[in-house]
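> This is the structure I have questions about; it appears just below.
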Amino acid sequence: VRRTVETLFFRDNKRRIDFVLVYKDIDDEEETQRRKIFEQNLVEEGLELEEEDKSQSQDGETYFVKIHAPWDLLARYAEIMKLKKPIKKFIVIRGGEVWKEDAEKKKSGFFSWLGVKDPFQYDHSRIPQEPTYFSTGFNRTHVDQFIIKDRESFFSPSQRSLIVWEILLRVRYNDNELGVGISRLLANDIYVAAFPLHDGRYDRDGPNGALCDRRLLYLEWAHYSNFYKKQPLHVMLIPAAILGSFTFICGIFFVFSDFNKPSEEICNRESNSTGTILMCPQCDKHCDYWPLYESCFNSQIAFLFDNPITVFFSIAMSFWATMFLELWKRKQAVIQWQWDLENYEEEEELRPEFEEKVTTTRINPVTNKPEPYLPLWSRVSRLVASGSVVLLMLLLMASAVFGVILYRMAVIISMYQAESQLIRRNAKLATAATAACINLVIIIILNYFYEKVVVWLTNLEVPRTETEYEDSFTLKMFLFQFVNYYSSLIYVAFFKGRFFYHPGDQDARSSIFGMMRYDMCDPAGCLYELCVQLAIIMIGKQIFNNIIEIFLPVMRVWWNKRKGHNNEMSEAYTRWEQDYDLDPFTRLSLFNEYLEMVIQYGFVTLFVAAFPLAPLFALLNNVVEIRLDAYKYLSKSRRPRAERIQDIGIWFNILKAITYLSVLSNAVVISYTSDFIPRLVYMYGYSPSHNLEGYINNSLAVFNTSEYTIAMGPAENTDWPDSCRYRAYRKGPEEDKPYSFNQQFWHVFTARLAFILIFEHVVFLLTGAVAMSIPDVPVEVRNQMMREKKVEKETLFENEMKKIKRERQQGRQATSPEDDNGMNVDLGEGLRSASANPRLRSPRHPPPPPPSYTSPHSINDPRT
């Protein structure tokens, strides 16, 4: 039985463990020597190390090097890194955009008036309100101005690990110019892991009922019972979900209203106008003529989404997407200000892989030192090779979509041959549903394959820095995922049924798209198929991803613990080894989370006209996934090292591109995929009563069955009708240029183009005006930034004058004029060395940082 050891300190139980390095025995003596030199240099830098022998580990093979940073070292690097810490001087100023305390108090007051506890708030007995402070860059010469209750707890665990990591990146391990930093040692497997420790168990209280930060986060954030509690960021999907649900409910009323004349005409068998209409066979030699009323159910489903309210919903969603981006820029500005990141610029090191693969060098124009350099011709050739493979993979995805199309044609032909009328009536709906399921399976399989290919292609390009690597990896991965998820939707929305001309057309059979002519839209249109396809792919993807996200980490952690327990001599299962058995948290660990949200954003915006319930399902998925991700990162992942990140990088540009593309996509879906424009043209240009009565008969062209050849038409030649109908605006067999486009087709075509132009121009104009009217930085934040300059001067003068007064009282300052001049010099020097830009913030109310970053100015904050 293993005895768990939960200590977070060295053996003296005084020095806190700030970081842990892990290594195993290796045969290479040179690499062993590099490790020893590296650790010796860490000690010379000021860090304190303590090693756990492999005999104490569970597998009997692993060494653990514990690192502690003393106060003097932390203070020195905090000043170098310009970490912001609270100062004693503070003032409370509230702003509507920055602080939401007043609204929260009003809401809590409402529940207090009812005599009940606010169910949406966190338990303030566990998470008490914290005071509001100004904070400024730490400065050792003015250490008295900072609030230091205890030196050991003054720097939060995240700040301590941030400082230690900065030291690890800069310490040398040999005399080589490139022999610097823990990153290269990890890349060469000299160390197998480097991570900070979790501060305790998440599944039980500490001694005497004490709650560590990890336990507190689990109880108040990650536990599934907290799904209804408030989230730190505004839930933008709520208004979109409400509006989409309202659109769906209106669609239900439209289906059973008098406005739904087309469905009534299709479904009414006794109607003289449609009851006797026979539709042309959907395929050759295997399909028969079929009555129009068999498409009744499809027409009702189609009109559920293909109604006038959907147009206004699409316009509203275009505004929503624009508002989402604008409000995110404002929120990002607030977060940057609260977390002291608005002027932060990271100085990136070269990737170890870049230094290893690149043999040519040049003189760095900034440092004037030699560094690895990849020539232009080499970069271009690598990019061309990578782009060629990307193009090949995109063609592979297109072939997968074509394979699904062939499946649809084969299945629908076999279902039309069935004797059951129920099967024939629902052939298209069943085919669309099963094809969507198969497409979902293909997407899931290809996702795993594509990720491996993208990693290989990105390594082939040899990016110089981690940011370049992430941007290249993100762009290619998103491009693959975009085509993978959206290609089948794009086909159904924009291409399905476009390759069919008219029955008996010989030219269509000889064209390259001849095989696809059988994949036709129902007389009710293709919008319902797009809806089914979108719903299955989106919801199926969400369910599968949520299962995988929680199942795989649990299995990996279980296997790591089981695999590592083979040393019978060791009974202690220490905190550092428990964390080592968890899933490693890498720089790309959050990539899949970002990608999943961006793909979901595409589902919500690109084809929302076909499925208004997409925002609702996205909201429900996010409510569940927030808890799953929180549980995964708290219980099954190593603690991420703190890192300062200014924004979300290339992801914002991708979101912006999707937003602009969604306007054009929804315009085309409404004008070409739905029947909205043809209905308007019929109502105001061809209907005698200016309504939709007779619309179905008007939208079906006539074909003379005598023009079928032996290879065409049904298998049986008996009882053929004189004519059959098909969905098109074409001339009849008795007219001049039979089966060519008629005049109504060109009217509809012109109206569709006009609608696209008007829709996109109006939406872009209005959303642009909205975007220009919303400043990227909230007024309250700008006011606080302006106030900083004044407070900075006050703080500087106040501290310097206190220093001078104290020195005079102690008799250290002379009273001669020369000394007065010296005093002025000292004051000037103090002003030049003082810290910059104090900040006003409430550490409790800003949203909790993502797992890869912790707010550097939170004092004893459970989130850190």
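Glycine is no exception: its Cβ is also placed from the backbone N, Cα and C atoms.
Features from TrEMBL:
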{"type": "DOMAIN", "residues": "9-233", "note": "domain 'Anoctamin dimerisation'"}
{"type": "DOMAIN", "residues": "235-788", "note": "domain 'Anoctamin transmembrane'"}
{"type": "REGION", "residues": "805-864", "note": "region 'Disordered'"}
{"type": "TRANSMEM", "residues": "233-256", "note": "transmembrane segment"}
{"type": "TRANSMEM", "residues": "301-321", "note": "transmembrane segment"}
{"type": "TRANSMEM", "residues": "383-408", "note": "transmembrane segment"}
{"type": "TRANSMEM", "residues": "429-450", "note": "transmembrane segment"}
{"type": "TRANSMEM", "residues": "473-494", "note": "transmembrane segment"}
{"type": "TRANSMEM", "residues": "598-620", "note": "transmembrane segment"}
{"type": "TRANSMEM", "residues": "648-673", "note": "transmembrane segment"}
{"type": "TRANSMEM", "residues": "753-777", "note": "transmembrane segment"}
> Can you name the far-off residues of the same chain, 6+ from the ends of the transmembrane segment (233-256), with a Cβ under 8 Å from a Cβ of it?
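For the transmembrane segment (233-256), the nonlocal Cβ contacts are 263, 300, 303-305, 307-310, 313, 316-317, 320, 323-324, 327, 331, 604, 608, 612-616, 618-619, 622, 847.
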> Using Cβ distances below 8 Å and needing 3 or more such pairs, separated by at least 6 in sequence, tell me whether the transmembrane segment (301-321) contacts the transmembrane segment (473-494).
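As far as Cβ distances go (cut-off 8 Å, pairs 6 or more apart), the transmembrane segment (301-321) and the transmembrane segment (473-494) do not touch.
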> For the domain 'Anoctamin dimerisation' (9-233), what's the model's average pLDDT?
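Taking every residue of the domain 'Anoctamin dimerisation' (9-233) together, the mean pLDDT is 80.
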> Look at every Cβ pair spanning the transmembrane segment (473-494) and the transmembrane segment (648-673), keep those 6 or more apart in sequence, and say whether at least 3 of them are under 8 Å.
yes
> Counting only residues 6+ away from its ends, which parts of the chain sit with a Cβ under 8 Å from the transmembrane segment (429-450)?
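Distant contacts of the transmembrane segment (429-450): 297-298, 301, 393, 397, 400-401, 404, 407-408, 411-412, 415, 423, 477, 480-481, 484-485, 488, 528-529, 532-533, 536-537, 540-541, 544.
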> The transmembrane segment (648-673): which same-chain residues, six or more beyond its ends, come within Cβ distance under 8 Å?
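Here the qualifying positions are 310-311, 314, 317-318, 321-322, 324-325, 328, 332, 467, 470-471, 474-475, 478, 493-494, 525-527, 530, 594, 598, 601-602, 605-610, 751-753, 755-756, 759-760, 763-764, 767.
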> Under 8 Å between C-beta atoms and at least six residues away from its ends: which parts of the chain pack against the transmembrane segment (598-620)?
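Answer is 235, 237-238, 240-241, 243-245, 247-248, 251, 305, 310-311, 313-314, 317, 321, 478, 481-482, 485-486, 489, 493, 527, 530-531, 534-535, 537-539, 541-542, 651, 654-655, 658-659, 661-662, 665-666, 669-670, 673-674.
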